[in-house]
Amino acid sequence: MDPSDLAWILAAFALVSLMFPGLSLLYGGMLGGQHVLNTFMMVMSSLGIISLVYIIYGHGLVLGNSIGGWGIIGNPLEYFGFRNIMEDDGTGDLMWAGFYILFAAISLALVSSGAAGRMRFGAWLVFGVLWFTFVYAPLAHWVFAIDDPESGYVGGWMKNVLEFHDFAGGTAVHMNAGASGLALAIVLGRRHSMAVRPHNLPLILIGAGLIVAGWFGFNGGTAGGANFLASYVVVTSLIAAAGGMMGFMLVERVFSGKPTFFGSATGTIAGLVAITPAADAVSPLGAFAVGALGAVVSFWAISWKKGHRVDDSFDVFAVHGMAGIAGALFVMLFGDPLAPAGVSGVFFGGELSLLWREPLAIIVTLTYAFGVTWLIATILNKFMTLRITSEAEYEGIDRAEHAESAYHLNSNGIGMATRTNFGPEIPEETVPDAVQVGVDKQKIADTRKASK
């Protein structure tokens, strides 16, 4: 690998790593204050779980030579312990292995949307290993493993047989995580109270900003080096993020009366999800359109979720699953032959076979991810209890599972502290939810005003 290409992949790796604290802050801000630390733990522990299993056998499952030549799953022993990529052979294989660790880990972190505030942490760790092995790894092999006839290497069927176009993981990462998060949410059931509003919008702002920065590495690094393709997909990603932000604010204004900051952050991420499978296959104007489309579809899906009381806490199915579908279908219809991928959508004279190949890949991805995740969670629940007790849920999962609290609010509603096993216990008068404190103070102020 050319040194300049390796330098860009290393830089992209660093950018993608920002998505983990970013997702922690985004998700932590979206729940009540008594769930923040558990949310952080679920996201960050994904990196720990996946790093271990990926080094042992995961890289072989994802990018190993397909067992039997069927394109279903790679050989888990081919890269066992990374033993055969420990020397510099000029291919950059070790760096790519690290890059794919981040892809797998962020996918698992997204699935935590279906478990937020109610899943035992130990059960989450076990679930993460099983989910990577039986859900993520096969899907990633189908999409990321590319045939090499000269060496006899056989990759995944979806990429090589179906010839499905997915630039950077719209299927293996986003649709997969969306369907899996929905399945996990259904198995676990709803929280006792779903009426908790985002407790900290500044956390959401910081988290969304880090995720956007990480996405430039996510898509840009997939280009494989410091080249025109990398610059192209970074720019289309930026444009799609803008389209998502504007699209979500518009539909929010039309249907809800006012555009919100939270909505603009959601739309931005939906736009980035939508461009992920399409970043190299659309024009700059097409990138804006696909971002806006992803946001509109996500808005509709979030509204549907609320109407059906599905407790997908961070809307992973609406934002990642549905926007990912929108991006893939956009390529099918509006792929621009002048873009680097050279894929012509149906409206640009492309093959009519796109009309069944792209939807087939989407349907298989959603069905497999949802079905196997539901099966894993259901069976696991027979052997170990997945959900915390009602008492622990009311107390707050941070205290129940981690013996810590993100906030300690005194009688004036200010102050921060934390309790660990190594420090003093926080007094019982602690109020865990900063939003509720604000509501109570406002009620007091209104009462005083009315009495004057």
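Every residue gets a Cβ built from N, Cα and C, even glycine.
What Swiss-Prot says about this one:
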TRANSMEM  6-26  transmembrane segment
TRANSMEM  43-63  transmembrane segment
TRANSMEM  94-114  transmembrane segment
TRANSMEM  126-146  transmembrane segment
TRANSMEM  167-187  transmembrane segment
TRANSMEM  201-221  transmembrane segment
TRANSMEM  228-248  transmembrane segment
TRANSMEM  259-279  transmembrane segment
TRANSMEM  282-302  transmembrane segment
TRANSMEM  314-334  transmembrane segment
TRANSMEM  336-356  transmembrane segment
TRANSMEM  360-380  transmembrane segment
Dominant neighbour of the transmembrane segment (360-380) in 228-248, 259-279, 282-302, 314-334, by Cβ pairs under 8 Å: 314-334
The transmembrane segment (167-187) versus listed stretches 6-26, 94-114, 201-221, 228-248, 336-356: most Cβ pairs under 8 Å: 94-114
Stretch with greatest number of CB pairs under 8 Å, the transmembrane segment (282-302) reference, 6-26, 126-146, 201-221, 228-248, 314-334 candidates: 228-248
Cβ-based contact of the transmembrane segment (6-26) with the transmembrane segment (336-356), 3 or more pairs under 8 Å: no
Intrachain neighbours beyond the transmembrane segment (228-248), with Cβ under 8 angstroms and 6 or more residues off its ends: 8, 167-168, 212, 215-216, 219-222, 263-264, 266-272, 274-275, 278-280, 282, 284, 287-296, 298-299, 323, 339-340
